[in-house]
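Have a look at the structure that comes next, please.
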Amino acid sequence: MKKNNPISRLELANITKQYPGCLANDNISITLMPGEIHALLGENGAGKSTLVKTIYGIVAPDKGDIIWDGKEVSIKSPSVARDLGIGMVFQHFSLFETMTVSQNIELCLSKIQLNKIGDLAKRITQLSEEYGLNVDPNRYVHSLSIGERQRVEIMRCLVQSVKLLILDEPTSVLTPQEVSGLFNVLRTLSKEGCSILFISHKLHEVTEVCHKATILRGGKVVDTCIPSEETPATIAKMMVGDLADQDAGYSKKEGTITVFNVTDLSLPSKQPFGTELKNINFDLKAGEILGIAGVAGNGQDELMAIISGEDERNVKNAFTLGKLKIGHLHAGERRQLGMAYVPEERLGRGAVPDMSLTENTLLTHSTGFVKNGLVQWQSIKEYTSELISKYKVKCHGEFSEAQSLSGGNLQKFIMGREIGQHPKVLICAHPTWGVDVGAALAIHQALLELRDQGAAILLISEDIDELFLLADRMAAVCDGYLSPLIKTEETNIDQIGQWMAGTFINTAVQEAQA
Amino acid sequence: MIRIQARTEPSSLMKVASPLLAIVLTLIFGAILFSAIGKSPVQALQVLLIAPLADSYNIGEMFVKMGPLLLCAVGLSLCYRANMWNIGAEGQLLAGALGGSAMALYFIDSESTFALPITLLAGIASGMIWAAVPTFLKLRYNSNLILTTIMFNYIALYLLIWSVHGPLRDPDGYGFPESALFSDITLLPTLFEGSRIHLGILFAVLSGIIGWFILSKTHLGFQIRVFGADEPAARYAGFSGKKLSWFVMLFAGALAGLAGVSETTGPIGQLTPNISPGYGYSAIIVAYLGRLHPIGAIIAAAFMAVLYMGGELAQIEMGIPVAVISMFQGVLLFFLLACDFFINNRLSLTNQATN
């Protein structure tokens, strides 16, 4: 495996895949050289997932050839792909929490591979040192952070001596420090001749680490480029066509009066691997966006659930809306008082998958549409089609099932639905997670518009760039603690990054004890 | 090679075709079954499915059986839509029969025009109480609703048997375990001269329409559907699961209770130990056959009533054992659930052999 090898590692020629009603891949041709870090870019629904699934043997293409190390191959299943030396790290990890790292890795190895490796734990330790992965084979997965779990997934590929590593949005769940760690690993791998196919929505990462980039739109290759010669803005332009003025910084606002207040919120976790909330205090002002940064699993979900009332435990005095204590009210009553929510899971929580958009409008927006207990279907229908056109939701119509929409479009719909209720307080979790640039822009603008109308917005996100872009004040959560609040202009990415890692906790604990 | 593929969206054709396909498969299975026990399959199917509709008496009897099936099935449809696995329609029906009969016996010498409505209300209330206990146990102590409702079926049955042997037994009945015949004032009027079709069938059809109205027109019905389809979404939207659970269970209990009291005050006219040939259990099949849709339940209940009638006729005319008839019904449910698989999946022929 030397560099400058004239034989390409992987060549895709005219890959075409037709789904019912959607041409997911249209004559896609891509070449990857050994040691190349290749970015695959595109909006949601551009065909990236289908393409990598084709390479990993999950999806069979209708047409086209796959040439691996100069030979034409047919990758019929993931196990064939693994035998060739293709490894994939999915966006959602597939690890058993109650098993150790080495047990998890052992699970996906065949007997022959295991015999070849011999002492698996030793091999893991060795590889871990070689690539700076810092993975302890004997630790239980539930005790690992998200970043560590991702490294276990990468380790799982390395153990099988991988020649092509596919990463699906690997950085969306990492702290800035963890991201740079990951990039070091990728660079080391690349030097050894391992090719890497890297799917991301974060353009500055692509310019930082990738050698080449292929941009997909509507199932076609629309452009290729060398990221180091481009800026995030020019790549964004290629992705969305002519839209997107990405770097337009938004003006910051100062909130007026406090509308929502959290006082001394401490709450043990409901689930065995959940996070305990520890003495959380903050206030949310009208006309501001308060951003809460943090790596997934540090209490964001628990905080969201208790604020929304989905966690039904009574915390009467912890929440104040205006002058009203609302900690004892159930979720429906809190909505009636002007609270609205955009949850992290769009499908299955924010929207019922097999119900129409009209029905999904009614899900949270019943005021004015229910008279004497009867649903005014006609007026909801009209309102829903207004929502669809106002927020440019791509779908067949208000009768479309929620599950037929792409993630970004469904998110625009949910966002529009919640904003349409003119909430006093909007709690919004990971609004642009996995959403393409165009939709993200629309969602950002909708949030800012709502803020300027005087609503108080709590924005929980793992995307630190997004928080800096939108939030007027910021804080971070770590291990169930909330950091101090600070104006966005007065802080920087390093400080928030450190807060995400928990540097504020000692002082917070001391203050609590004092 | 045949492969099973998940459909990208549920097939609307299969949603309609699945019950029909299930019926066809059941008929084929039935034909094999009847041949196996040495009966002519053609004659057996003719007696089972066509004879019940062959003359006006049989059609009348078919409607008599359809009433309680439909009342129970409408309630169950709403329960299952809300993910409340109520298997207790039988017990709720028996409780309704018992409570209603006690009231009817209280009015045995009465001339009051309110006697019948009060008797019916007593039946409805008894059914609701019978549904309320398991609901309370589930919501308060998180007990398994399937188990408690089944247990309550047995409790209702033995309570009823005890009653007709004890407090409600006809003093002039020569010791038979039956109540006295109810007074005419507490009997449901028949709809046609010379037939046993009574007001109960109207209650049943009306309940189907009300059930449909609730599910598709009211906010409450919408909440029930969301709760059943996607519980996290219902919690996110702030719907009260407790309120909905209470509503569907009490609604189902009321309808099953009405079915029970309509049986005793309708075609039977007294309380006997065997007022129900398992209507409450068959209603589960009816509910699913009708796609958990109250209007679908009307059609499904008619079909099931034909099977019931046919089953009786097959016993009388051909000597086919009742167990075989029950098996036939069970197989119908089996095929129905199996065919539903194809709503979300399809078989596809692939030629993967090309390398």
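Quick reminder: no glycine exception, Cβ is built from N, Cα and C everywhere.
According to TrEMBL, the protein carries these features:
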- B:20-42: transmembrane segment (TRANSMEM)
- B:62-80: transmembrane segment (TRANSMEM)
- B:92-108: transmembrane segment (TRANSMEM)
- B:114-133: transmembrane segment (TRANSMEM)
- B:145-164: transmembrane segment (TRANSMEM)
- B:197-215: transmembrane segment (TRANSMEM)
- B:244-261: transmembrane segment (TRANSMEM)
- B:281-308: transmembrane segment (TRANSMEM)
- B:320-343: transmembrane segment (TRANSMEM)
Quick test of the contact rule: Cβ under 8 Å, at least six residues beyond the ends. What residues does that give for the transmembrane segment (B:114-133)?
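Answer is 86, 88, 91-93, 95-100, 102-104, 107, 148-149, 152, 156, 183, 185-188, 249-250, 252-262, 264-265.
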State, in range form, which of B:62-80, B:92-108, B:197-215, B:320-343 has the highest count of Cβ pairs under 8 Å to the transmembrane segment (B:20-42).
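Counting Cβ pairs under 8 Å, the winner is B:320-343.
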Counting a contact as 3 or more Cβ pairs under 8 Å, with residues at least 6 apart in sequence, do the transmembrane segment (B:281-308) and the transmembrane segment (B:62-80) touch?
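Contact criterion met.
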Assess whether the transmembrane segment (B:197-215) lies in contact with the transmembrane segment (B:320-343), where contact requires at least three Cβ pairs under 8 Å among residues 6 or more apart in sequence.
no
